[in-house]
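> Copying in the features that TrEMBL gives for the protein in this structure:
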- C101: active site, nucleophile (ACT_SITE)
- H220: active site, charge relay system (ACT_SITE)
- E222: active site, charge relay system (ACT_SITE)
- G68, E69, S70, R131, I162, R163: L-glutamine binding site (BINDING)
- 174-203: region 'Disordered' (REGION)
Amino acid sequence: MTITVGVLALQGGVIEHLSLLRRAADYLSTSSSSNDGKELATLPDFDFIQVRTKEQLAQCDALIIPGGESTTMAIVARRLGLFDQLRDFVKVQHKPVWGTCAGLVMLAEEASAVKKGGQELVGGLDVRVVRNRYGTQIQSFVADLKLPFLGEEEAPFRGVFIRAPVVEEIMTTTSGSPAEQEVKEGAASASGGQQSERGAAPGDDIVAVRQRNVFGTSFHPELTQDVRIHVWWLRQVLDAARHGDLVAL
């Protein structure tokens, strides 16, 4: 069995995501081999591809929507005839999807601080995000994040925040239950003292969230050499495959 993981290649850190995905797959293969072969027999092959067309998206079992400019990404996806298929991929087929920065905005059901005329969203996460939470490009920063889903004993993750959105509200779903909040972590600067232009304390911000098949991060793991989040996410993709939640096309 081969699992095909795509990275939406309209703009943003596409090559960086693909590089860390390959390293994450190598890590999983090595860790399975060192486990006396107990997991190796069930570990499928991975194929990592760039996605620019409907045909390429149709090959994918899972997808990353990288950072960039979310309004531009939505416009380009619509012009390429990809937008409706992206919605179907996320909300009908329920395939594993991860959005980083602009990708998180795309996957939210609602967004605030959008450009004049609004913004088309793929949806899938029952959250409202606020764009550019910490200001402009020159106010980008790096912060140490303690991410519980990586393990309580793990070292902090160095999150790179570039015009980053954050989750400002976890909404109630149609079933009446809240979106599953995977992590609620401080987004303090590396020096521990940065405040946003809106005056809120970064330590109260939600910078990563997961609901069912959809995962989103405000920051850019692909711009680090730390492979841990990519390893964690590929494990979620593997779990979906083992439980029959991936559809072979």
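Using the three backbone atoms N, Cα and C, a Cβ is placed for every residue, glycine included.
Automated prediction, rather than curation, is the source of TrEMBL annotations.
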> Within the chain of G68 (L-glutamine binding site), which residues six or more apart in sequence place their C-beta under 8 angstroms from its C-beta?
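Non-local contacts for G68 (L-glutamine binding site): L10, Q11, G12, C101, A102.
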> With an 8 Å cut-off on Cβ-Cβ distance and a minimum sequence separation of at least 6, pull the same-chain contacts of S70 (L-glutamine binding site), or say none.
A102, G103, V105, M106, A111, Q119, R131
> Which site among C101, I162 has the most other CB atoms no more than 10 Å from its CB, taking these as recorded positions?
C101
> To the nearest Å, how far is the Cα of R163 (L-glutamine binding site) from the Cα of E222 (active site, charge relay system)?
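With the alpha carbons as reference points, the distance is 15 Å.
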> Of E69, E222, the recorded positions given in the record, which has the fewest other CB atoms within 10 A of its CB?
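Looking at the recorded positions E69, E222, the Cβ with the fewest others within 10 Å is that of E69.
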> Taking the residues the record says bind L-glutamine (G68, E69, S70, R131, I162, R163), how far apart in Å are the two Cα atoms that sit farthest from each other?
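Max span of the L-glutamine binding residues, Cα based, is 13 Å.
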> C-alpha of I162 (L-glutamine binding site) to C-alpha of E222 (active site, charge relay system): distance in Å?
12
> Out of R131, R163, H220, which of these recorded positions shows the lowest number of other CB atoms within 10 Å of its CB?
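It is R163 that, of the recorded positions R131, R163, H220, has the fewest other Cβ atoms within 10 Å.
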> Give me the sequence-ordered set of same-chain residues, not including G68, E69, S70, R131, I162, R163, with a C-beta within 8 angstroms of the centroid of the L-glutamine site's C-beta atoms.
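For the L-glutamine site, the extra neighbours are G67, C101, A102, V105, N132, P165.
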